[in-house]
Amino acid sequence: MYPFLKGHGTENDFVLLPDHDGTVHGGLSPEAWSARVRAVCDRRAGIGGDGVLRVVRGEDGHWFMDYWNADGSVSEMCGNGIRVFARHLVAEGLVPGDEPIPVQTRDGLKTIVVDGEDITVDMGEPQVLGQTAVSIGRSTWAATHVDMGNPHAVAFVESLDPTGPVGSLLTSPEFDPAVYPHGVNVELVVPLAPGHVAMRVHERGSGETRSCGTGACAVAVAAALRDGVGRDGTGLGSAYTVDLPGGTLRIEWTEAGRILMTGPGVIVARGETGL
Ligand SMILES: N[C@@H](CCC[C@H](N)C(=O)O)C(=O)O
């Protein structure tokens, strides 16, 4: 048996596995670890989640968010996950809650500020890597390739209605494997008002989720460039409210070029499992 917690950020849900010194899960082979991730994320035979956050100390002494998708694949970064991760660290007294929290990720060190229900993450600088396309059935849309540490394709569509061309998102939209050799998270977006958009997402390794933090950041970047807002139309100094099926995130693209993401992160359960 080993301990777990369950949490979510705008209903993007995770199983947290404390493993502070790496002795609980660290000895598993890569295959056995992937199988464990799939087992705990299974919504019928397991605890259920879009991914796993292993809570472990990094070699540099910072806490390391060891993020894994529900299918057992690894990703560089998880925006909703890191807010839940920070909430857990503060709730357990593992870090002080009244000062910025450094958390190490595969995409480098992130800094998080917890202010009541609001958790703000400095997500770093986005990389806009050009235009591509995504397809669902007979519909093809232009998409902006944005890297938030992990890969995103952001497409503006007419409607997010599941009965329309976007459909149920049960399978991944088609994408160019030459652009995304390791797969991609695909965001479908509709503008609602100036500085306000709505999106659905199909996540690499997890399917359609109720929210994606890095995806919302990528969407805000693509929307700012499309709308020509911010300083000289560069997007710098802009802000977007992003509505997702599971809640709302606020994304700021600072004058200094950094993305700040604000939203909730909650822990809903804890226990022990032998999965
Ligand atoms: N839901 C996450 C992103 C998780 C990783 C993604 N599926 C990938 O493979 O890159 C978020 O909130 O950012």
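A Cβ is built for glycine as well, from the same backbone N, Cα and C atoms used for every other residue.
Noted in TrEMBL for the protein shown:
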- Asn12, Asn69, Gly79, Asn80, Asn150, Asn185, Glu203, Arg204, Gly213, Thr214: substrate binding site (BINDING)
- Cys78: active site (ACT_SITE)
- Cys78: active site, proton donor (ACT_SITE)
- Cys212: active site, proton acceptor (ACT_SITE)
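Taking the features listed in TrEMBL, we show where each one sits on the structure.
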| residue | record | CB count, 10 Å |
| --- | --- | --- |
| Asn12 | substrate binding site | 31 |
| Cys78 | active site | 31 |
| Gly79 | substrate binding site | 28 |
| Asn150 | substrate binding site | 25 |
| Glu203 | substrate binding site | 29 |
| Cys212 | active site, proton acceptor | 35 |
| Gly213 | substrate binding site | 28 |
Let me know the DSSP-derived helix, strand or coil state of Glu203 (substrate binding site), please. strand
Sorry to bug you, but what's the C-alpha spacing from Cys212 (active site, proton acceptor) to Gly79 (substrate binding site), rounded to the closest Å? 7
Structural state of Gly213 (substrate binding site), classified by DSSP into three states: helix
Pairwise Cα distance for Cys78 (active site)/Gly213 (substrate binding site) [Å, integer]: 7
Structural state of Cys78 (active site), classified by DSSP into three states: coil
For the recorded substrate site formed by Asn12, Asn69, Gly79, Asn80, Asn150, Asn185, Glu203, Arg204, Gly213, Thr214, name the remaining residues of the chain with Cβ within 8 Å of the site's Cβ center, in chain order. Gly51, Ser75, Met77, Cys78, Gly81, Val201, Ser206, Thr209, Cys212, Gly215
Alpha-carbon distance [Glu203 (substrate binding site); the residue listed as 'active site, proton acceptor'] in Å: 8
